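Swiss-Prot annotations:
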type	residues	note
MOD_RES	A2	N-acetylalanine
MOD_RES	K12	N6-acetyllysine
MOD_RES	K12	N6-succinyllysine
MOD_RES	K19	N6-acetyllysine
MOD_RES	K78	N6-acetyllysine
MOD_RES	K78	N6-succinyllysine
MOD_RES	K83	N6-acetyllysine
MOD_RES	K96	N6-acetyllysine
Amino acid sequence: MAGKQAVSASGKWLDGIRKWYYNAAGFNKLGLMRDDTIYEDEDVKEAIRRLPENLYNDRMFRIKRALDLNLKHQILPKEQWTKYEEENFYLEPYLKEVIRERKEREEWAKK
């Protein structure tokens, strides 16, 4: 029983650090999500290309708004900041699929 409590406590502690870092990074103050800030290598570019139109348009809106705010040296009002609890990693499933396909192609090329 004590082991479960220790795991639960360490999970809460780790989650607290994640929330702190999410807010400390600052991208949420510009209305960006974590996946909006990923470096765009070839895999990420392909995953972005595969996004449904509505997700792609939402992403572009957030990025353009953040660029505009950054240029003006402003941030959004606090009620418009993206929240850790509301974060959905919209690009992750597409990126995993692209990486899996690339690795599969590399395996086929070895044979």
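In case you wondered, yes, glycine gets a Cβ from its N, Cα and C as well.
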*C-alpha spacing of K19 (N6-acetyllysine) relative to K12 (N6-acetyllysine), in angstrom*: 10
*In Å, rounded, how far does the Cα of K78 (N6-acetyllysine) sit from the Cα of K19 (N6-acetyllysine)?*
16
*Looking at Cβ-Cβ distances, which residues of the chain lie under 8 angstroms from K19 (N6-acetyllysine) while being 6 or more apart from it?*
Y84
_Set of same-chain residues at least 6 away whose C-beta sits under 8 angstroms from K83 (N6-acetyllysine)_ = N28
_At a 10 Å cut-off from the C-beta of K12 (N6-acetyllysine), count the other C-beta atoms across all protein chains._
10
*Looking only at K78, K96, which of these modified residues has the biggest number of Cβ atoms within 10 Å around its Cβ?*
K96
